[in-house]
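Positions annotated as repeat 'Solcar' by TrEMBL: 13-93, 104-198, 209-297.
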Amino acid sequence: MDFWPEFLASSWGKEFVAGGFGGVAGIVSGYPLDTVRVRQQNSTQKGSAFTILRHVAATEGPLSLYRGMAAPLASVTFQNAMVFQIYAVLSRAFDRNVPASDPPSYKGVALGGFGTGAIQSLMLTPVELVKIRLQLQRRSIPDNNNQITSYRGPTDVARSIFKQEGWKGIYRGLTITVLRDAPAHGLYFWTYEYVREKLHPGCRKNGQESFRTMLIAGGLAGVASWISCYPVDVIKTRLQAQSQSTPSRYSGIVDCFRRSVKQEGYSVLWRGLGTAVARAFVVNGAIFTAYETALRFFFSNNNNNNNHANIETENTF
């Protein structure tokens, strides 16, 4: 019964829960655009985001834009909380010359973000695999008996993949996810810290930036990281869309890149970028705003409780 009060009383607990709030805010705010992005990337036909959005809503219903959201939503609290925790540790570890009272250096921020992206890929790969399979479920998926396989939800997808392909199938796309997330997260955290400091000088040390600064810095960080890794993300989506119950189009990362470019031109590597950039600004603005706001609330509430306890202590003497 005393676990949560003690957990939230620690700095680690506050940052963990705040990261969870940020993750939930990001998923809910940007999921429909994420569905559109995935369909653009995996399609061999060209079409604007608005055309795809209108077609999906008309033929499959508006709720289909949220298909597969349960998988990332169920894991995002833990995943996002761990990302911020890992980043906080690594950004200090890579540059020990900076005093603990000062914010991490930009070098530490970039290297910490790089390491965080690589580590979080272990958690993210299975989640994104399940999400992508559900987002693309509008396509008929014939199994070995030439019947149509319709997934009922994230658990059904995961069970089906594990039954047919084992752990190798669950972690399909791990290498390409690491190649995407490690450099992208380095740029992501560096951009956020740099922009927030430029918009509100001194805020990295005093933590007093405005909501406007949080939204803009978080949004631009998301945009920068997605632009830097987008071609890799297109390849990742196409590889993870494959399964043993469908004819494999690609044998690996290099083969997927070569065949995609040969058949559809280099523009295929940027297909859906506009959707991803719009989503990235909304999602990452929401993530950092929710994260920083939650941290302020927890630390402010803790300070108020401490002051109240001190007053009561003084009144007893």
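Glycine is treated like the rest: Cβ placed from N, Cα and C.
Because TrEMBL annotations are produced automatically, they should be read as predictions rather than curated entries.
Looking just at the repeat 'Solcar' (104-198), the mean pLDDT is 86. Mapped onto DSSP helix, strand and coil, the repeat 'Solcar' (104-198) counts 72 helix, 2 strand, 21 coil.
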